[in-house]
Amino acid sequence: MENNETSVDAKSIKNLETQTIHGSKSMDSGKYLDNSYKMDYPEMGLCIIINNKNFHKNTGMSSRSGTDVNAANLGETFMNLKYEVRNKNDLTREEIMELMYNVSKEDHSKRSSFICVILSHGDEGVIYGTNGPIELKKLTSFFRGDYCRSLTGKPKLFIIQACRGTELDSGIETDSGVDYDMACQKIPVEADFLYAYSTAPGYYSWRNSEEGSWFIQSLCAMLKEYAHKLEFMHILTRVNRKVATEFESYSLDATFHAKKQIPCIVSMLTKELYFYH
């Protein structure tokens, strides 16, 4: 294994419930049942990739080496899934807000879903524009059901590659080998969101300077292998396992050497999500 030093996506070094849903599609007819998102609109949807690599000097944040590899890999992966990919590089917090607002005001009525990937520095609840932090909730709120009507009842995925704190995970040895019939149905405005975080709350998120982040590497690999076979939550579970078992940090600083990472999925999806139909 090459000794490429591993970095973290933080500003500087200085009660979730889950549920299991069974069944999804009719294997005989291929028709969607009520527990599976309708993904056969004319378009799969937009995939916005915000790739922040270089930051203003007054922020004190370092350049995120390896992130361009992630952005290219993500673009290829989601284009192969028939998404319209829009790449945005080195955006300030104001530019990110403007971008998200404008995208939320587009007509998504012919689109099956929406994806936003953010590659940046971060902390718990915030991600960084090139000139400073912004609350993630402010960005995602533009796509709530009461603000973005054309995405109501459709899956909205936010994939976040960023630190969520400064805790380190040393690991432990183990012995063990839309279509809602909306005419008369009311749904929560926060429904149908999914947040795929690169790391658990409070922890660093690791990134290899040449190969990109562990999480994005694993996500793209699992999507390429399973997007036409498995439901999305099952894919993300495989991503979790791959990151947890196949990666360990390498650093010349003993404090940051041989550390582990586990991604975190927060789902408000109300149906199963398949990228095929």
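Backbone N, Cα and C atoms are what each Cβ position is placed from, and that goes for glycine too.
Feature annotation from Swiss-Prot assigns N-acetylmethionine to M1; the stated evidence is similarity to another entry.
Residues or ranges marked as N6-acetyllysine by Swiss-Prot: K11.
Per Swiss-Prot, phosphoserine is recorded for S26, and the stated evidence type is similarity to another entry.
In this structure, H121 (active site) belongs to neither helix nor strand by DSSP; it is coil. Its Cβ placed at the centre, H121 (active site) has 25 other Cβ atoms within 10 Å. Feature annotation from Swiss-Prot assigns active site to H121 (among others).
Among the features that Swiss-Prot reports, S-nitrosocysteine is placed at C163, with the record citing similarity to another entry.
A coil conformation is recorded for C163 (S-nitrosocysteine) in the three-state DSSP classification, outside any helix or strand. Positions annotated as active site by Swiss-Prot, on the basis of similarity to another entry: C163 (among others).
A separation of roughly 6 Å, to the nearest angstrom, links the Cα atoms of C163 (S-nitrosocysteine) and H121 (active site).
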